[in-house]
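These notes are about the structure you will find just below.
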Amino acid sequence: MKLCMTLLITAIAVVTFVVATQEESAEFNEVEESREDNCIAEDYGKCTWGGTKCCRGRPCRCSMIGTNCECTPRLIMEGLSFA
């Protein structure tokens, strides 16, 4: 009887943990998707320093006075398919 109760409690704990983990994962994915929606996707697209970011972690490069900013490709990482 004690063994059955222990197994039942363990099963409930495992199911609760799995459900909580899936909910957190879904929330994290929604946040990541919303971040990707607010970024510049194309290479050499216009970005703003401290404002609209480039997607996939690409840098936003600006002129010396902080104007004429554009997203530049990450050649090493994208060329090797790491990003």
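Using N, Cα and C of the backbone, Cβ positions are placed for all residues, glycine too.
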Based on what Swiss-Prot records, which one of Cys55, Cys60 is disulphide-bonded to Cys39?
Cys55
From the list Cys4, Cys47, which cysteine is recorded by Swiss-Prot as disulfide-linked to Cys60?
Cys47
Pick from Cys69, Cys71: which cysteine does Swiss-Prot list as forming a disulfide with Cys54?
Cys71
Among Cys4, Cys62, which cysteine is annotated in Swiss-Prot as forming a disulphide with Cys69?
Cys62
Whole-number answer please: how many Å between the C-alpha atoms of Cys71 (disulfide bond) and Cys62 (disulfide bond)?
9
Hey, of Cys39, Cys47, Cys54, Cys55, which of those disulfide-bonded residues are within 10 Å of Cys62 (disulfide bond), Cα to Cα?
Cys47
